[in-house]
Structures are given as structure tokens and as C-alpha cells.
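As recorded in Swiss-Prot, the features of this protein are as follows:
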type	residues	note
DNA_BIND	15-141	DNA-binding region
COMPBIAS	143-158	compositional bias 'Polar residues'
REGION	18-74	region 'PAI subdomain'
REGION	93-141	region 'RED subdomain'
REGION	143-162	region 'Disordered'
REGION	191-217	region 'Disordered'
Amino acid sequence: MEIHCKHDPFAAMHRHGGVNQLGGVFVNGRPLPDVVRQRIVELAHQGVRPCDISRQLRVSHGCVSKILGRYYETGSIKPGVIGGSKPKVATPKVVDKIADYKRQNPTMFAWEIRDRLLAERVCDNDTVPSVSSINRIIRTKVQQPTNQQIPPSNHSIASTGSVTQVSSVSTDSAGSSYSISGILGITSSNAETNKRKRDEGIQESPIPNGHSLPGRDFLRKQMRGDLFTQQQLDVLDRVFERQHYTDIFTSTEPIKPEQTEYSAMASLTGGLDEMKSSLTSPSSADIGGTVPGPQSYPLVTGRDLASTTLPGYPPHVPPAGQGSYSAPTLTGMVPGSDFSGSPYSHPQYSSYNDSWRFPNPGLLGSPYYYSAARGGAPPATAAAYDRH
């Protein structure tokens, strides 16, 4: 039985095609003929659903949807270009129109430019550039590059003086606008002088190992610049060279008088006065005895206070002028039959005055304090210190 394919549009290409699931014939790599495409659009205009069009024409549903979608979007039923690149749509006429639109309204979007090209019939649905193409045209051809050089014809019009002035300004702005001299408004002559001084400083202060890195004095000169006067520089040197945290073991500098005026010294003065009053007045029988007026008594310096109050450090032996009380003075506080000899035999604490060993010196010399220690044992506070 012979099959006649006279009216079949695919009759000449049956050897390269196949049959889809709906029974229709297709050709690999080739678009649908324009006759089938036109019939798909006509059925869609009649209100036939895409699924029914697919069954009637035996064309796959995906192909029908793609053809109708392109038709609704662009109004064209032509297939895409097969092989090669798309025809050039950025013609000089289109580029000039895009440039005119952009100059008239710099904030116009690419899709607005595309719609205007279609409205003014500069392009049709097949030749209108896409949104991305319009953006690329604006970026590469419409907008002028910022680094364009001035044509040499402009320089020939200006006089020699103006050309020299423009060149000097451009050189200065390009070379020193972001430098320290440019920010501070220092003229070029001063900048050159400072640069020459820095270069001389580098040559005059080499490091002994052979490298020519700048030394300490050069770094100071470089950081100072011309911002400070000589008097201000001297004050800054004194401030930064002062040792704020003195070493309590290795420092041999005498403590200045103003460094001893701490708030801790004020609180220590009251305790020393109370202790001295209790030692010098044997008639004080109770804790609330009257304290006499202020007495002259040597204060412990801030260095000694820091060395004795820091935990974990060995105690600092006070100087000769700040020695502890003598043994007769301390033994006079306790009856001789109960406690004789040196009150404390521990060498670590025997060289300190009582203000460091007794937190409340007002209790010294009180009969109530020693009422429980009549058995000949030393006071509890001293025993506690001896165990340490």
C-alpha cells in the first residue's frame, strides 16, 4: 500500500524526522512550518484551549504554548534564527534614538525606552532591542567615559600662561590632593622642602646593621611636621617620657612629694593619730577615749604602701627614718610579768610599725583587750601574724 504525502509539509523530510506521542510528524532541529503556526494562532483566537489545539493538530503541548506565548508577547509567529547569531538590532539609528531619549530624560528606564521605540515605530516587534541590549548600549555607547582626554585643539586656543596654569593645577591635584600637604593646604614649595628634609633624615640616621630604615629621631621629626611649636613639642616629650607605672623593685628614683598625696594617705593619717594617742596617754582606759589634736607623725610613702598591700609580693623594709617602735615602748603596754622581751620574734614583722599589724590601734593598751590573755601567751592577733 502506497502512502501519498503530497499535501504533507514534512513529506520531503520524513527521513530526518519522527512521530510524537500524539501521532504527529516532526523534524529534528527544524521549527514548525508557518502554516501550522498560523493555524495554532487562528484556533487560539477562536477560543480553543491549547490542549485541544495540541490534540487537533497533533503538535506537542509545549510547542503550542511556546508559539502562543511568543505571539502574545511580540505579535510575531516567526521562529527564531536557526544557526549563527541574531541579526544586529543596535543599528546606528536605534543607538542615536536611545541617546536622544537618555539625554531628554536621564532617569528613563530601559523598558520605557523599548516601549517608546515601538510607539514611535523606530523598531518593530522583531527588530526592537531587548532590555538588556538597551542597558548595554547606554553603558558602552551613550554614556561618555570619564577618562577621555581633552583634544589637543583646545590647548592651542588658550594662551601659554593659561596652559601652564592648567597643567600645574592638574598635576598638583593629581599628585598631592590625597596627600597630607594637599589636605592641610600646604604649598608645593613647603611640601618639597619637607620631603627633602625627610630624605636627609633617612640618610643621616642609618641603622648599624646596614639597613637604611629611619631611626627614632627621624620618626619623631616626620610625625611632628610643622603642626606644633617648639614649646609644645617639649611639653609632649616630657609627658610621654614620664614613667607612669613605676617598678617597685627596680626603680631607684626618689618619690616626688606630690606623688604621696593620695586619698589612701588621708585615711592612714587618722589611724596613726589614734595609735599615737593611745600610746602616749596611759589614762585611756576604754575604747571610746578622747583622741588628742593632730600630732606630727611621719607618713608612709605611696611606694611603701603599694609594696606592703600587694598580695604575693615580699614586704618592703621601711627606711631608717620610718622604723618601727622600740621594744620598751611596746612592752610598756603589757605588764612585765606577763610579757617580757621583744614582743614579736618573727623577723618579717618585727621591723614594721604597729599601724600595719593592728587594724584598730585604739584597742592597744586597753585592759579589756588583754583580759583573756593573762596566762602569759601573746595576744591572739600577734599569734595569728606569727603563723604566717
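Each residue, glycine too, has its Cβ placed from N, Cα and C.
Per-class residue totals from DSSP over the region 'RED subdomain' (93-141), listed helix then strand then coil: 33 helix, 0 strand, 16 coil.
Across the region 'PAI subdomain' (18-74), DSSP assigns 34 helix, 5 strand, 18 coil. The predicted model assigns the region 'PAI subdomain' (18-74) a mean pLDDT of 84.
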